[in-house]
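According to TrEMBL, the features are:
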type	residues	note
COMPBIAS	72-90	compositional bias 'Basic and acidic residues'
DOMAIN	112-509	domain 'Amino acid transporter transmembrane'
REGION	71-108	region 'Disordered'
TRANSMEM	144-168	transmembrane segment
TRANSMEM	208-227	transmembrane segment
TRANSMEM	263-283	transmembrane segment
TRANSMEM	303-320	transmembrane segment
TRANSMEM	341-359	transmembrane segment
TRANSMEM	379-402	transmembrane segment
TRANSMEM	430-447	transmembrane segment
TRANSMEM	453-475	transmembrane segment
TRANSMEM	487-509	transmembrane segment
Amino acid sequence: MAHLIRHKLTNKLTNAAHTVSNKSQAKVSGMFARLGFQAATDEEGLGFAECDDLDYDYRQGMQMDVLQGEEEGGHIEGEGELEGDSHYQRDGTGPRPSSLKTESSLEEEKPKITSWEAGWNVTNAIQGMFVLGLPYAILHGGYLGLFLIIFAAVVCCYTGKILIACLYEENEDGIKVRVRDSYVDIANACCAPRFPTLGGHVVNVAQIIELVMTCILYVVVSGNLMYNSFPGFPVSQKAWSVVATAALLPCAFLKNLKAVSKFSLLCTLAHFVINILVIAYCLSRAREWAWEKVKFYIDVKKFPISIGIIVFSYTSQIFLPSLEGNMQKPSEFHCMMDWTHIAACVLKGLFALVAYLTWADTTKEVITDNLPSTIRAVVNLFLVAKALLSYPLPFFAAVEVLEKSLFQDGGRALFPDCYGPGGQLKSWGLGLRVALVVFTLLMAVFVPHFALLMGLTGSLTGAGLCFLLPSLFHLKLQWRNLLWHHVFFDVSIFIIGGICAISGFIHSIEGLIEAFRYDLHD
């Protein structure tokens, strides 16, 4: 009898130990699955709205059946597949973890994007409206400005790759596994364990500044284009900016960007057509090109501003982690970055050079203002439509970062939630959104200088997010695996980026102060 009792007790203890072991393995595997898999977005034209920290659908959409299994009794099948984390490799070579997904979660999983679609997102970010300011950069930099367009493309392509490398760590088998999801996660990992959230706060602030400044630039360029399209109208540029902002107030009510993204995609295609038209017009005047005006000297006072303009035109790092995680084949990410930045470098260099050769010393901050009045109005109206329909993307992204950081940070938020129990936006939350739209208007009215604002943004946040932080994070997280030339590149980019950021920021501030004084006297 005693032997039988001991035998039953032994069996119960053994079964309990196995159950606890299976549950702990399932929880760990569920954690790695949450770190390694992302739900793809179906809005490939969102550009800034696909910012890594804003991929809310991805973060909330992946339901691990570990929790469901515990609610239904805690039994999880497929014990053999739970060992190790090689199942969660992002290159797709590992076995599919079917045992960790319920039928409903499989149905809810969205299709991932191809490398071509990912390339379209990157192209949309680095070939946007701000290309219009590049000829103005050549005006103050000459051939050195052209070199900087090439150099910035090479560096931004490299830092985009090393930023993605920081998302991965090698497991015990020497296989790289995706253990981080976003730019913020990378920053927090670098500051841990002493300051585990400091890096994320720094990146969030930089992202908010860049996104809000992008909104301001859209309002500035809209007012500028309208003013120069209808010079006979008794309406100032500031008044046109007010009219543009009035059309943007409905952005405060946005819940998603599906409808806007479709129009934005069409306007982006129209923008490419406009770029081709501008180049065609410049080529038609090739006999009048002023090659002698392109020199190797630089305007020491204004060239640092040109550096910020060029760097800002290449900023895409803030949404690259999300983009890479949404790709069907993340192994093709490097190739995608290569061809997108090569194409951007060629097109930007060609556009900037031929536009400057056509108008030389009369080149304006927004190059379409140099076009003849017969076609300027038509081209500018298309660009205004593009600017107004592009505004919701960075605006919505900035709102998401602010709401998650200040109002929805899992009980750690500084302020109460701005959404009600049913998910509806509270009135004071709507007021904050309207206040953000009004803030972009006030900045555009009081600082209506496209090139200076673009240079300031590129020097302040562009250089930081594209040059300084990726190289610093790469050195910190991947130090043991780096070869000497990688260390050399990272250190060099950090130093060069720091110099460009400081000099560009100082000269942009000086230029803004000088322009503000001039506006007061005027």
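Each Cβ is built from the backbone N, Cα and C atoms, and glycine gets one as well.
The shown structure was predicted, so the numbers you read here are calculated from the model rather than taken from an experiment.
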| Outside the transmembrane segment (487-509), six or more residues from its ends: residues with CB under 8 Å to it | 155, 158-159, 162, 301-302, 304-305, 307-308, 311, 452, 455-456, 458-460, 463-464, 466-468, 471-472, 474-475
| note | Between the transmembrane segment (263-283) and the stretches 341-359, 379-402, 430-447, the largest tally of CB pairs under 8 Å belongs to 379-402
| said: Under 8 Å for C-beta pairs, could you tell me which stretch among 208-227, 303-320, 379-402, 453-475 has the largest tally with the transmembrane segment (430-447)? | reply: 208-227
| So, does the transmembrane segment (208-227) come close enough to the transmembrane segment (379-402) to give 3+ Cβ pairs below 8 Å, pairs being at least 6 apart in sequence? | yes
| task | Would you mind listing the long-range same-chain contacts of the transmembrane segment (208-227), meaning Cβ under 8 Å and 6+ residues beyond its ends? | result | 48, 51, 129-130, 132, 235-241, 243-245, 248, 315, 318, 365-366, 368-369, 380-381, 383-384, 387-388, 390-391, 394-395, 397-398, 401-402, 436, 439-441, 443-444, 447-450, 453-454, 456-457, 460-462, 465
| Going along the chain, which residues at least six beyond the ends of the transmembrane segment (303-320) come within the CB cut-off of under 8 Å? | 47-54, 121-122, 125-126, 128, 130-131, 133-134, 136-138, 140-141, 144-145, 148-149, 152-153, 156, 159-160, 163-164, 183, 207, 210, 341, 344, 348, 451-452, 454-463, 465-467, 470, 500, 503-508, 511
